[in-house]
Structures are given as C-alpha cells and as structure tokens.
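Visitor: The structure is given below, and queries will be raised subsequently.
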C-alpha cells in the first residue's frame, strides 16, 4: 500500500500538481476525499471491505452504512493521523486480533454501533482511549466483554444500549458456558447496569484459577511427602564405628593397686 501511494505521489509531483492535491490523489474508488478537512467519505458505497488505498493523511474516515463483515489486522496500520473512525451500520461480526491495535493514541472517536459483534476482547482495541460506541450489537456478555468494558472509554449517552443478547452462566452453575443465543437471567439487560449492580462474569473464571492453584499446591505437597517417606525407609544403615586400637600393656600384676609409698 505504501509503495503504491508513494509512486502515485511522485507521479503527481512530476506532473506539476500542488502538494495538497498530490497527497489526496489516491482517493479510493467510490469515496470522496476532502484535502481541506482531510476527510475520506465512503459511506453507503456498497463496500464489502475496508479500502486498501486510503490517503495516508486521513484524519476522519467514514465507512458507515456499508457491507463490511470483518476488520483485518492491517486495515488501519498506515493511518497515523486518524482521529475519527466511523464504522456503524455494517455487518461486522468479528475483529481480527489487533485489528484496532494500530490506531494511534490521537484517535478521538470510534463508532462500531449497529453491527453484528457478539464477542470482543480488550487486546483487540490496542491502547486507544477514544470515545467509543458499541451499542446495538448482539453481545454475548462474558468475562472478556466485561474486561473490555472496564478498559475502553464508552460514550456515556449510548452505554445503556450495550445489551446482553445472551450471557455466561452464573457463578452458582460452575464453569459451564451457554451456547450463543441461549436464554439467561441477564438477557435483554444493559451490561453496564448489570456490572454496576455487582454482577461479575469473571468470578467463575477467577474461582476456577484459584481451584487449579490449590490443586497444584496439593499435588506438590503429596509428592514431597512421598519422597520424604521413601527416603526415610530406604536410607542406608549407618556403619558401626571401628574399634579403638589397643593401648600399651602394663607390666603390673592384675589385682589390687599397689599401696602408696608414703603409707608404708
């Protein structure tokens, strides 16, 4: 992408066009590009994927009301000046791992509302702190989605529109998970309100981790105990100390000890 745009820019300069005109010479087919506002308008263009030849100086990108189904990992990696990204009213049902990771910290607005997203993870959004719209998606409320909610900056007026179409089973039901579309006590309820009321979709995951840690510690304790018992039972007997060498023999007869000389 970068090589193609660089060649196009060089050709534009050789033809004598101005710098601003050359920067925007690579406007994608079906889109309208404004050099003055540095905006690319591709709304309602019948697109099935994110255009690959977007101008590198793009600040505002409108891709709403299209037929885009997925966001590949490299979709926005060259747009280093992007501040507004509009992706609402598409068919997006999945995000590639790190699809939004390349978005710069300068991004101020991200709209993924009115799509078909069911699952999303915090790492897929990278380090962006943009005001984010996620409402009107058929969300499956679970621990990864809860962690995402805790990590992104939601647009306050649309936060209640993030509704659970299905959800993870409650902690009292163990670590099982419902199939997508299954009914639950949380179906139809706003996720933000559930979290504010004390519902914790990560409690089962954390409890399972604690149990695994306890089991590991117990197994190590049993192994150490068995080793100690085995060592005690099979350790070699201590060798007897060798007899002391005999001292010089006395010439005195065996019997009563001689009387002292001064007692005679």
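Backbone N, Cα and C define each Cβ position, glycine as well.
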Visitor: Which is it, of 189-210, 211-232, that TrEMBL names as transmembrane segment?
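Guide: It is 211-232 that TrEMBL describes as transmembrane segment.
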Visitor: Please find, within the list 145-168, 241-264, the residue stretch that TrEMBL describes as region 'Disordered'.
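Guide: Of the candidate stretches, TrEMBL labels 241-264 as region 'Disordered'.
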Visitor: Please list, for the domain 'LRRNT' (26-60), how many residues fall into helix, strand and coil according to DSSP.
Guide: 0 helix, 7 strand, 28 coil
